[in-house]
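**Q** Would you mind keeping the following structure in view while I ask a few things?
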Amino acid sequence: MSPGPRSSSSPRWRWLLLSLLLTAAPGPGSAFYLPGLAPVNFCEEGKESPECKSGIELFVNRLDSVESVLPYEYTAFDFCQAAGGKRPSENLGQVLFGERIEPSPYKFSFNKEETCKLVCTKTYHTDKAEDKQKLEFLKKSMLLNYQHHWIVDNMPVTWCYDVEDGQRFCNPGFPIGCYITDKGRAKDACVINSEFHEKDTFYIFNHVDIKIHYHIVESGAMGARLVAAKLEPKSFKHTHVEKPDCTGPPMDISNKATGEIKIAYTYSVSFHEEKTIRWASRWDYILESMPHTHIQWFSIMNSLVIVLFLSGMVAMIMLRTLHKDIARYNQMDSTEDAQEEFGWKLVHGDIFRPPRKGMLLSVFLGSGTQILIMTFVTLFFACLGFLSPANRGALMTCAVVLWVLLGTPAGYVAARFYKSFGGEKWKTNVLLTSFLCPGIVFADFFIMNLILWGEGSSAAIPFGTLVAILALWFCISVPLTFIGAYFGFKKNAIEHPVRTNQIPRQIPEQSFYTKPLPGIIMGGILPFGCIFIQLFFILNSIWSHQMYYMFGFLFLVFIILVITCSEATILLCYFHLCAEDYHWQWRSFLTSGFTAVYFLIYAIHYFFSKLQIIGTASTILYFGYTMIMVLIFFLFTGTIGFFACFWFVTKIYSVVKVD
């Protein structure tokens, strides 16, 4: 669990009802009354009680940068360390995302103000190899704009500053320091202070002014609740290091500095009462200040309208044309002078002919079903507010646990379709369903982990966690897949509405647009069109360390993606059947699965246009993790397309009369 609030004993259903109401409520903070996170009350020293404590703990998380994919633990840097202190336990999601929360030496009491309090002093002798190495690491992290992430009462400590158009942005992190280039150009945070002007010099933020905002509890309970923690990073070259007064010039470290360098770390803390902000809506100010959130509502609504319009068009064309076809075919059968069959009815004797590489298709369908159900349930819980940013790592933990438990549907679907394709190697089928796609993902993940481990990053997953993930896979997921496959093979093969002929029918010469490749390439455009705006937000939250909280919209987009994938595939499937091409199984899977190729192209565009990532390791990591997402997305969309087409084909051939 994360530091701060612990589970409350309120009845679960009441929370569920409350969170449903809150999710429906307007405003960006509406999803943050989290079930299971109870508020903590604080009061002044001497007035403590079991319900109210005076000590406020500040926790530190890993440091990360938008210019590098490699996060590092707080202890990897030579900052002031906490003497002892219990490290909060982390859940699986936090470990997978590289979060490392540790106690910090910054401790204060409620409503007790401190001014320029010394935390510790670090001394470096540039002639000592160890000191020089520590200093170089600090300089490199300032050059790459690494950011601190501090936590008070399970809230991020934010640094708020003005950006263009009079907007105020609250960043849930603040930089270690900044750099003025040898040409005198101020990089990153160096623009905030005109005193930062020395060329080829680093300025370290060795002082923080922390402002804690609290709200007095009215309803009988004692004390106050913290509603915001903000800070302002500053730089001071303290003249008297033992008795700092937080005045004077900024703390500069020249790139060519030699001899002894002393850095004194200090902080001030002040408390401010907030009468308007309540504990329940304390995340609002961060979310409202997030860049792009205001602009994008219109774009999202726009994309929804376009997609709904297209869906209506597709549905109307399909229903009218099909209705006419079926009526005409059935009418022809009733007349004596039945002409020769034409159109999609011609291929009724071949439509359910098993596809080539049926084994691989059935395995993909099994894994795709597993991912589809996992995504649906995870997003549903996220919509209810169970997986908000306040509950750190919950989203990832939920997804991994669901994936492990959904081995049974994967095995069942793979076995059912493999049997209907006439396959008999059931052992190979079960083993491939259990190991092929998860194995590819794990192998990619393991290689990425080796790179992170080699770079000494905090995102490198400890060996124990890797063993735990393998244990979940081999001891829970695989046996569940076998159980699903057992039931799938035990059932009779899927009954088709028409018989398959002994001799395959020859497919006539196809025109350009009914050939497989153009159809597959076209099929992915429509589904991608409805997700790319959300994709921008999701990639931002992963790579630019911004919070993602629009799960309601994401769930809506997920539903629209399912509908669009289904309709695009059915439409193209209908055209191909009319052209007497009955190889629909792989084509339906690849048509909507091709959306993943557009996803990959967008991710490459995003890397070059939006990110400032530098370094080989970071680039390899970006594309390594992107490939995992692309594979999962391919299986997920492909499965939707296949099921839609399978339902469509079964439906139309069951209502038409066949001799």
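Heads up, residue numbers simply count up from 1 along the chain you see.
Glycine residues also receive a Cβ, built from the backbone N, Cα and C atoms like all the rest.
In TrEMBL, annotation is done automatically, which means it is predicted and not curated.
This is the feature table in TrEMBL:
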type	residues	note
SIGNAL	1-31	signal peptide
TRANSMEM	297-319	transmembrane segment
TRANSMEM	360-387	transmembrane segment
TRANSMEM	393-418	transmembrane segment
TRANSMEM	430-453	transmembrane segment
TRANSMEM	459-489	transmembrane segment
TRANSMEM	520-543	transmembrane segment
TRANSMEM	549-577	transmembrane segment
TRANSMEM	589-608	transmembrane segment
TRANSMEM	620-649	transmembrane segment
**Q** Look over the recorded stretches 393-418, 430-453, 459-489, 549-577 and say which has the most C-beta pairs under 8 A to the transmembrane segment (520-543).
**A** 549-577
**Q** Please give the sequence-distant neighbours of the transmembrane segment (549-577): residues at least 6 beyond its ends with Cβ less than 8 Å from one of its Cβ atoms.
**A** 23, 28, 31-32, 287, 300, 304, 307-308, 310-311, 314-315, 317-318, 321-322, 343-344, 347, 351, 375-376, 379-380, 382-383, 387-389, 513-514, 519, 522-524, 526-527, 529-531, 534, 537-538, 583-584, 587-588, 591-592, 595, 637, 640-645, 648-649
**Q** Determine which recorded stretch among 459-489, 589-608, 620-649 has the most C-beta pairs below 8 angstroms with the transmembrane segment (360-387).
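**A** Most contacts with the transmembrane segment (360-387): 620-649.
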**Q** Which residues, given as numbers and ranges, are at least 6 beyond the ends of the transmembrane segment (589-608) yet have a Cβ under 8 Å from it?
**A** 361, 364-365, 516, 519-521, 523-525, 527-528, 531-532, 535-536, 539, 543, 565-566, 568-569, 572-573, 619, 622-623, 626, 629-631, 633-635, 637-642, 644
**Q** Give the nonlocal contacts of the transmembrane segment (620-649) in its own chain as ranges (CB under 8 Å, at least six residues past its ends).
**A** 69-70, 351-352, 361, 364-365, 367-369, 371-372, 375, 437, 440-441, 444-445, 447-448, 451-452, 523-524, 527, 542-543, 561-562, 565-570, 573-574, 577, 584-585, 588-593, 595-597, 599-600, 603, 607, 611, 613
